[in-house]
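Okay, structure first, notes after.
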Amino acid sequence: MQRKEKGIKDFVLLDKIDENSFVANLKTRFEDNAIYTYVGEVVVSVNPYKKLPIYGPEEIARYRGKYVFEPNINPHVYALTDTAYTAMKFKGIDQCIIISGESGAGKTEASKVIMQYIAAVENTNHNTEVDRVKEQLLRTNPVLEAFGNAKTNRNDNSSRFGKYMDIQFNFSGEPVGGHVTTYLLEKSRVNHQEKGERNFHIFYQLLAGGPTGDLQLQKDATKYPYLNKGGTVKVGSVDDAADFKEMKGGMDFIGFTADQQNNIFKVLGAILHLGLVEFAADEKDGSKVSTKPVLETIAKILGTTPAAIETGLSHKTIISGGNVISSPLTPDKAVYSRDALARQMYQRLFSWMIDRINEKVHTPHGEIKNVIGVLDIYGFEIFESNSFEQFCINYCNEKLQQLFIELTLKTEQEEYMKEGIQWTPIEFFNNRIICDLIEKKPGGIISLLDEDCMRPGDKSDKAWLEKLQSGIGAHAHFVTKKGHGDKTFPDNSFKLVHYAGDVFYNVNGFIDKNVDAFFKDLAQVMFESKNPLLREMFPDGDKATWKNAGKMPPTAGTAFKTSMNEMIATLNTKAPSYIRCIKPNDRKSAGVFDEDRVRHQVRYLGLLENVRVRRAGFCFRAESSAPATYPHWRGDARSGVKAILDHLKLDAKEYQMGKTKLFVKNPKTVFTFEEERENIIPKYVTKIQSWWRVIRVRRRIREYFEKLQQTFANIKKDPNFGKGTRWPAIPHPVLKNAESTLKSVHANWRAKRMVLSLSPERQDLLRKKCLGSTFFTSKRPWNLQRDWTGNYIPALGLAARSSAIFRGHGDKEVVFADEVLKYSRGARPDRRMLIVGDANIYKLDPAFKVTPKRVMSIKQIKAISVSPNKASVAVIHSTQPGFDTILDLGVSGQDRLSEFVVLTYLAARKAGHKFAVNVVDTIQYNNAENPQKPTQTVVFQASPRALKPGQPSTLKKGSTNTLFYAP
Ligand SMILES: Nc1ncnc2c1ncn2[C@@H]1O[C@H](COP(=O)(O)OP(=O)(O)OP(=O)(O)O)[C@@H](O)[C@H]1O
């Protein structure tokens, strides 16, 4: 059971829909550590700036397969992910989860929570590949963050690139791959950081924990101009060395080889050294490097020559009409070219790494059934000084807001119109107008920028600003000083009135950043280096490609615009879910809820409008919850709805019937409605779950039997009749009994087949041995393997002699005959020939006198007792008092005792008589031929003296007789 959170879990249920109530509910919940709240299916998340105990396997289990609105379950990103996952798995619809909010609001953290949930998806088929992919997906994070995130003034771990990740699933709903698309890396950070900010994490990690010796780097980050522009090289709680280790572990797991990693570190090291390169004017109009040792270090690390780099940095080479034109650069311009090289190296390294990650986490296409995309892209940001990057980032956020409007506010309201519901449209600000202002072609800001960049002759940011003023100065969302700006309006700037707030953009650098010029000679130096990674990163440095260099590549602005439109198109093909992140304060502090800051975000995110529109559509989800209709209703839909309304005794003013849907006005009504449904649903959920379980088990049972059938399909042809065949594992414990029954059925069948495959004689023998088994197995040692001959005295001419005896007593055949020892009353062993006929037992003396020594009718055998050890002695108990006989059947050294007992038993049975066969330690007998004499007792002992194999037992008389046998 989860704890009960304070406040209202879904804003749709708020009594009063206004900003104050909305913010108050957020605050109540925030102070109760309840950071997630719904607006219908949208999750609003407030950054707690502290670790909360609401994540991890136990929490994940709570949300697995649950209905989002089930009672007693608190709102969570897990719930949203589960809903998306379930829809993906069972309806086969691609999903996307769009996470938005300003910088530091918690988007990246939310995306990690989603990944956690997905990585916990059950691997039902125990596919090791699935486990590997899950781990890879998780392990890409520290790598991406190290290279793509940095400390900004808004967020200590700010994503400086946009990330869209498709998680790919197979038919069983298991993650089998992933694909990352990145958008505009803020590469200017490689050379420059604002005060209080840092370069990308990876540089500081490399110095703290990487192979600095090999790269001739010092551990102190303040020594590197590229790392120290913001005056901050350390972030409070961050342990760069530990982060390096985690990042490297990620690289290892994803599959970056040691060589690849070394080359990556070399590129990073070279960038840091590049920052130390300085220039002086040379004798002509050009420049030369004044820090030669640094140049040598770079050349060494990158596998090139100092001269090549120097020439590359101090010259500008362009291709015009197929001609290569090279001209020297002044020291100022050379610095620019140095920084451009550093940026290019970093950006291309980043892209190269993303490509490798995609290669490694890729699944062959055929196995992918659906995807869940997660979009975690830089949030709306306003800095003191905002440049081209902020312009792009904020434009991206406008596009996402537009998508949100399209998918939620607009579409839903259009639905009411379509349904013919009387509806007062809810006002919301549609930011389409701002998107147009930026991206329209011709005439939009990007288009005007491109025009200036392309035009021949000198270009200046200021001239472009003028152009903007004259072109779009009248636009309601565009302001310049010259336009309606006042005195405080900063110079060289324009202001955009974004949906999320006003932002002043300083035009300095827009043209350069948009053209993103990179001179061919530098690309060539990189391409021709000995480092294979650089060769891959700079294919445009291959001179062979210069001749037919086609048209100019698109500008950075246009390329970004294109990538944004592609991104929106991708998202549009999927069913979206939203996480709207809110930043509670600007101090990155836990427990501080700055109401004004929050109110501002609630406003620009359009959350209130979202609630209003949702509320009207709320009952979409409550289609059928009256006892009469839930879960079965056999009438038509409209009268079913009527039945529900009657059950609720709803006032006619409270609702409207649409063409296909019901619209309820007051959320209070809906709430009771909802509450009732909440009570009904768990019951049916349980029921459905148990049905489902039964169906699933049945399906698995069927599969098991199919497998079984396949396994034993050719069993009859198997010489062993399936003896060594492996049985398929049972899929569920309910099959345990069935399995053991089946196994014994199989064993019986097999035994029968084995028997039937034998000759009639062998079958007969087997049957006899089976009987022996019931007498002796696990009671005394006996030799099952022996052949049973029955008559062991054939050479004695018995046939002739015995026929006379037989005829005299009515026997027709010899059942068993062997030489034995018979113990006399005085315990003397006498040799005798024992003959068991089908009616009588005879004891002849060894000379085979015709007269039998003794005759006993088989029907007189009361029992035969044998010992539980190796003694080969049997006591035949007679029904005639005093006539018990002690025989040792071990003369031959073979175990003929068992044979004797079984054959005699069968002969008796044939004659219609039954006797007992006892296996006991102590045998009572009477052989005194005088019924008055007391019964005697014999016990068995292993002989203390060595007896030769086959040497018979000896009987020692005493108060209790003792029989010594060869152990
Ligand atoms: N759910 C959470 N639990 C605990 N801390 C959080 C949570 N969400 C965010 N934070 C904290 O806030 C910081 C900023 O969050 P995050 O990096 O996710 O912001 P963001 O919206 O992705 O920002 P940006 O747009 O700058 O990348 C995190 O580093 C973390 O310290």
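Cβ coordinates come from backbone N, Cα and C, glycine included.
Looking up the ranges 154-175, 528-549, 770-791, 946-967 in TrEMBL, the one annotated as region 'Disordered' turns out to be 946-967. Annotated by TrEMBL as region 'Actin-binding', the relevant range among 12-34, 380-402, 564-586, 840-862 is 564-586. DSSP classifies Gly104 (ATP binding site) as coil under the three-state reduction. Listed in chain order, the residues near the ATP site other than Gly101, Glu102, Ser103, Gly104, Ala105, Gly106, Lys107, Thr108 are Asn47, Asn155, Gly379, Cys581, Lys583, each with its Cβ within 8 Å of the site Cβ centroid. The domain 'TH1' (777-967) scores a mean pLDDT of 82 in the predicted structure. Counting other Cβ atoms within 10 Å of each Cβ, the binding-site residues Gly104, Gly106 show the lowest value at Gly104. Taking a C-beta cut-off of under 8 angstroms and a sequence separation of 6 or more, Gly101 (ATP binding site) has the following same-chain neighbours: Ser45, Lys107, Gly379, Phe380, Ile579, Arg580, Cys581, Ile582, Lys583, Gln601, Leu605.
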